[in-house]
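K.L.:
In case it's useful when we look at the structure, here is the feature table from TrEMBL:
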- B:12-29: transmembrane segment (TRANSMEM)
- B:62-79: transmembrane segment (TRANSMEM)
- B:91-111: transmembrane segment (TRANSMEM)
- B:118-138: transmembrane segment (TRANSMEM)
- B:144-168: transmembrane segment (TRANSMEM)
- B:189-209: transmembrane segment (TRANSMEM)
- B:241-269: transmembrane segment (TRANSMEM)
- B:281-303: transmembrane segment (TRANSMEM)
Amino acid sequence: MTSLHASDVSLSLSGQHILRSVSLSVQKGTVLGLIGPNGAGKSTLLRLLAGLKMPDAGELRLGDQNLFAAPAHWRARQIAFMPQEVVRPPPMTVRHVAALGRLAHGESGGVAYTHPKVTEALQKTGLSESADRPAHRLSGGELARLALCRMLCVDAPILLADEPVAALDPAHALMVMSLFRQAARMDGKTVVIVLHDLALAARFCDKLVLMQNGAVRAHGEPEQVLAEPLVRDVYHVSTQRIGRVPVPWDLCS
Amino acid sequence: MTKHQPGHGLSLWLAACVVALFVASLWHGESSIAGLQAVQDSLAGRHTAGAIILEQLRLPRALLGIVVGGVLGLSGATLQGYMRNPLADPGILGVSGGAALGAVCVFYTGLMQLSLAALPLGGLIGAFAAVALLMLLVGDGGVLVLLLAGAALSGFTAALTALTLNLVPSPYASFEIMHWLMGSLTDRAFTDVAICLPGAVLGIILMLTTGRALDALTLGEEVAASMGFMLTGWRGVQMRVVLGTALAVGSCVAVSGAIGFVGLVVPHLLRGLTGYQPSRLLWPSFWGGAALLLVADNIVRMTASGPELQLGVLTALVGSPVFFHRVLKLRKDGA
């Protein structure tokens with residue numbers, strides 16, 4: 001039920017092809033990384049998977065259910081989404097912002113504020129101690145954790161995040177990625193993350209989809225997708241392996 | 001775990017203030033009447049001077065104070081929540097300008113001589129025409145389109161109002177128009193309440209249905225949409241916000257004239273007390289707006305022995321220092 005599928009999905013905007021016949025599957029309890037250069041269509045694909053935009057052609061399914069045939073409130077309970085730019089919240093407390101995730105279930109006020117899922121999500125993301133702090137004063141790393149916390153409060157089986165570690169230092173990036181992987185491993189969530197950091201993608205994702213010009217260029221295990229010739233061709237950079245992880249090293253001449 | 005943020009308690013407290021101010025508005029006025037006797041006469045159906053003053057003058061004026069003030073406060077809170085901009089104000093949609101233009105046209109054409117209801121009806125027609133034009137302009141567009149459409153409509157109606165003032169043949173009519181534009185509740189009757197109420201009530205209901213969506217929007221439009229809230233389209237949150245504020249504000253401005261700053265200042269003053277959560281701000285802003293306008297109207301009536309101070313002037317005089325304070329606070333906070 002909680003596997004996510006895209007079949008031959010295409011989208012054009014203003015006459016320009018953004019996605020061309022994209023197909024992919026994400027299984028329950030796994031982390032899929034969407035990688036590729038800027039403008040490859042990763043974020044657009046993620047928005048389609050979140051049900052925020054309809055494709056021109058193709059089908060998106062959640063288990064056996066067509067994503068766009070289902071009512072919006074059902075989708076909201078199945079899929080939690082983190083956009084590329086996390087909006088700095090108003091001066092509400094951290095717990096209040098996290099509890100906004102319960103709006104997907106039609107819960108607000110005291111019911112949401114005291115919901116066990118909110119307390120659990122605050123604990124999992126290490127924000128229990130900060131629950132009463134004003135959210136707008138959090139650091140970038142803490143804000144990213146709060147965004148993840150809000151997603152966990154939705155208690156949706158699918159988590160979709162667009163570059164959740166783009167603005168984070170290595171320690172916070174590792175922490176946030178670990179939390180996503182933990183959500184997949186421990187809680188059986190299906191996770192799709194757009195990433196630019198190939199090292200993090202190799203380390204934390206079970207499967208990778210490499211996109212180029214709106215199409216899937218490669219799909220599979222990180223070792224296969226991050227093979228030197230493929231990365232060189234798509235990103236125009238050479239890589240060096242540090243341990244098991246390929247790291248972009250130099251621009252191709 | 002901290003206590004749940006207040007909202008209902010504040011609403012109750014403000015509602016109690018409104019009730020007290022409402023009673024004070026009935027008791028207090030230019031003519032001195034025996035309050036309890038007037039109430040008894042009124043309930044017994046006796047047409048004494050006190051009962052007539054209470055029924056025909058003070059009651060509709062106080063009721064309009066609650067409705068107009070409440071609508072302005074609630075509209076300000078709704079628009080500020082929707083646009084995520086604490087400077088959004090009911091006037092931003094251009095519907096107040098439409099109502100003002102409609103009323104000014106009634107002055108200009110002399111239709112006012114036909115009936116006392118002509119002026120508010122003209123205002124209402126102007127407001128509804130502005131709402132229809134705004135809806136057509138905005139369509140499926142987002143917040144930016146709404147802001148631009150509102151600015152265009154405000155500018156256009158202000159230009160037409162200025163043109164009417166420019167062309168008006170009599171200086172007396174010009175003075176009347178200027179006077180009306182400053183906003184007042186003086187000499188309003190139950191006809192005005194009847195004209196204002198349907199649009200105001202419908203608008204209030206529409207605005208109050210947006211609370212949860214406004215909370216979700218604090219996380220951004222995409223997150224709100226992912227949580228199942230339809231933002232644009234005919235059944236979307238934007239439609240309820242725009243139609244609700246436009247109907248309610250248009251209906252109120254049609255009977256009271258333009259009363260500024262209430263919609264801007266009241267949500268500002270109450271936001272911190274409601275934990276900065278937009279849904280919790282709606283009811284307190286309604287009661288806060290009603291209380292502020294009743295206070296202002298009572299002050300206007302207290303100073304009625306000299307040249308009458310217009311309500312809109314007073315609210316602007318009270319509202320501006322609040323913003324000066326805000327500017328100084330922002331500077332101090334280094335924002």
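Quick reminder: no glycine exception, Cβ is built from N, Cα and C everywhere.
TrEMBL labels come from automatic prediction, so no person has curated them.
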K.L.:
Would you call the transmembrane segment (B:12-29) and the transmembrane segment (B:91-111) in contact, using three or more Cβ pairs under 8 Å, pairs 6 or more apart in sequence?
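P.N.:
No, the stretches stay apart by this measure.
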K.L.:
For the transmembrane segment (B:144-168) and the transmembrane segment (B:281-303), check the count of CB pairs under 8 Å (sequence separation 6 or more) and say whether it reaches 3 or more.
P.N.:
no
K.L.:
If we skip the immediate neighbours and take only residues 6+ beyond the ends of the transmembrane segment (B:189-209), which ones have a Cβ under 8 Å from one of its Cβ atoms?
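P.N.:
For the transmembrane segment (B:189-209), the list is 56-57, 59-60, 63-64, 67-68, 70-71, 74-75, 78, 116-117, 120-121, 124, 127-128, 240-241, 243-252, 254-256, 282-283, 286.
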